[in-house]
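K.L.:
Let me give you the structure first, and then I'll get to my questions.
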Amino acid sequence: MSPTASGSPAPEAGTARFPPGFLWGAATAAYQIEGAAQEDGRSASIWDTFCRTPGKVLGGDTGDVACDHYHRFRDDVRLMAELGLGAYRFSVSWPRVQPTGRGPAVQRGLDFYRALVDELLSHDIQPMVTLYHWDLPQELETSFPSGSSAGGGWPERDTAQRFAEYAGIVADALGDRVGMWTTLNEPWCSAFLGYGSGVHAPGRTDPVAALRAAHHLNLAHGLGAQALRGALPARAQVGICLNPSAVRPLTDAPEDLDAQRRIDALANRIFTGPLLKGAYPADLLADTSDITDWSFVRPEDLAVIKHPLDFLGINYYTPAVVSAATDPAAPRRDGHNASAHSPWPGADGVAFHRAPGELTAMDWAVDPTGLVDLLTEYASQAPGVPLFITENGAAYEDRPDAEGRVHDPDRIRYLHAHLAAVHEAIRAGADVRGYFLWSLLDNFEWAYGYSKRFGAVYVDYDAQTRTPKSSARWYARVAANGELPAG
Ligand code: IFM
């Protein structure tokens, strides 16, 4: 997919004008900010359970309170308006609107999202809804159709049907006021971190379950998109947010190129194959044939998954550098929490290396060339499908100074370089329509708890105060001018 580890030349950081109508937004996710975990009929999600499992989340942190956005959303929307955001991407908490993942909806849950959307619209901020950002109702993980051996959750086919039902419920409630919809956020993480390495909820470590989950997430996207189409006005735009990996071989040696091919199959083509071409890649099926015969894929599924996309959301943070493993016992450094279990079924012989570049607080290398590569690659793989960057950003060790201000020059540099990359991809012909900074607020960073701050706005979790960091002010100016200043 991309050149060797040194990457392509860095995009020039000069003044860059973005096309008229380019959407400047920020993104969040329900479990990471809402809190109110036991209120108004919400039930437990797999993340509530995972957080309560000793040793799974740093410091035993939970999303119980998070940023208390459930109660403070009006203030948060006012803040977005002050920052001049044109769009806001948020996710709906499935267990808040359909507590057991089956059956009737809870009106109070839906009312919350209607009120949030109304507040956004009254400030001229376009909502983009994500239906699933990892908070599966626990009940769907725990109880599943009798006779199934998949063990519930995404490895279970029925979960895809349940997702379609839930999609229809949310579309009925918000379809008159939301124009942009995405089905899933980063299905790779749900499948391979949730069921492969087990560093995400529900914490299972079974390669077959991970591959089954990937397929049922693809199917859920297809069935969910059908349900959205059936309920939404024709003007509504329906897409999906992927976190494709810019995979680079350490060297051009054939064994390193083969490592790149394997990871590209598991990170990228396992989703884009069925989504864009209606088939799983032959090399992926061959690489994993010792693990599964893929008989959980029914031929009719593939046409469902290849549902026309109105846009494709791309989440990007850092590239991956891979080689053939010289020492199979060496620790894997693949950008995700260390685990004894691999999130890469069928790729045991692949080693991950630190990409060149400065590191963020996640130990992720700053390398915007990966974003240029992905955008140009996806523009050619999905011709005619507009692209959005639905997440991009960085965690740093932000702290208020003596006056209470938060200066985050590293984040400004990161954002500048990545926006320059977006501009470069647009100049090269990619139809990129908007950019959502991850994240509006500091928030619950999954297995890292509250230890990592990705926000453009600093959150004091005890006082629940919000302080825009200097990057938020910087981003507001870029959004207002539609132009990136010379760097
Ligand atoms: O915080 C996450 C988000 O939920 C999904 N994409 C990556 C972000 C940073 O890790």
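Even glycines carry a Cβ here, placed using N, Cα and C.
Just so it is clear, the model here is predicted, and its values are computed rather than measured.
So TrEMBL lists the following for this protein:
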type	residues	note
ACT_SITE	Glu186	active site, proton donor
ACT_SITE	Glu391	active site, nucleophile
BINDING	Gln32, His133, Asn185, Tyr317, Trp438, Glu445, Trp446	substrate binding site
K.L.:
Whole-number Å distance between the CA of Trp446 (substrate binding site) and the CA of the residue listed as 'active site, proton donor'?
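P.N.:
Computed Cα spacing between Trp446 (substrate binding site) and the residue listed as 'active site, proton donor' is 14 Å.
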K.L.:
Trp438, Trp446: which of these binding-site residues has the sparsest Cβ neighbourhood within 10 Å?
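P.N.:
Lowest Cβ count within 10 Å among the binding-site residues (Trp438, Trp446) is Trp438.
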K.L.:
Cβ atoms within 10 Å, counted per site: which of Glu186, Glu445 has the most, among these recorded positions?
P.N.:
Glu186
K.L.:
If I restrict to non-local contacts, at least six residues apart, and a C-beta distance under 8 angstroms, what lies near Gln32 (substrate binding site) in its own chain?
P.N.:
Gly63, Ala66, Cys67, His133, Ser439, Asn443, Phe444, Glu445, Trp446
K.L.:
Using the CB centroid of Gln32, His133, Asn185, Tyr317, Trp438, Glu445, Trp446 as the substrate site centre, which other residues of the same chain sit with their CB within 8 A?
P.N.:
Ala29, Glu186, Glu391, Ser439, Asn443, Phe454
K.L.:
Taking the Cβ of His133 (substrate binding site) as the centre, how many other Cβ atoms fall within a 10 Å radius?
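P.N.:
There are 25 of them.
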K.L.:
Calculate the distance in Å between the alpha carbons (Cα) of Asn185 (substrate binding site) and Glu391 (active site, nucleophile), and round it to a whole number.
P.N.:
10
K.L.:
To the nearest whole angstrom, state the Cα distance for the pair Tyr317 (substrate binding site) and Glu391 (active site, nucleophile).
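P.N.:
Cα-Cα distance, Tyr317 (substrate binding site) to Glu391 (active site, nucleophile): 8 Å.
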K.L.:
Using only the residues recorded as binding substrate (Gln32, His133, Asn185, Tyr317, Trp438, Glu445, Trp446), report the maximum Cα-Cα distance in Å, whole number please.
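P.N.:
Spelled out: the longest distance between any two Cα atoms in Gln32, His133, Asn185, Tyr317, Trp438, Glu445, Trp446 is 18 Å.
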K.L.:
Give the number of CB atoms, excluding that of Asn185 (substrate binding site) itself, located within 10 Å of its CB.
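P.N.:
For Asn185 (substrate binding site), the 10 Å Cβ neighbour count is 24.
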K.L.:
Can you grab the distance from the residue listed as 'active site, nucleophile' over to Trp438 (substrate binding site)? Cα atoms, rounded to a whole Å.
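P.N.:
With distance taken Cα to Cα, Trp438 (substrate binding site) is 5 Å from the residue listed as 'active site, nucleophile'.
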K.L.:
Could you tell me the C-alpha distance between Trp438 (substrate binding site) and the residue listed as 'active site, proton donor' in angstrom, no decimals?
P.N.:
14
K.L.:
According to DSSP, which of helix, strand or coil covers Glu391 (active site, nucleophile)?
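P.N.:
Looking at the DSSP assignment, Glu391 (active site, nucleophile) belongs to a strand.
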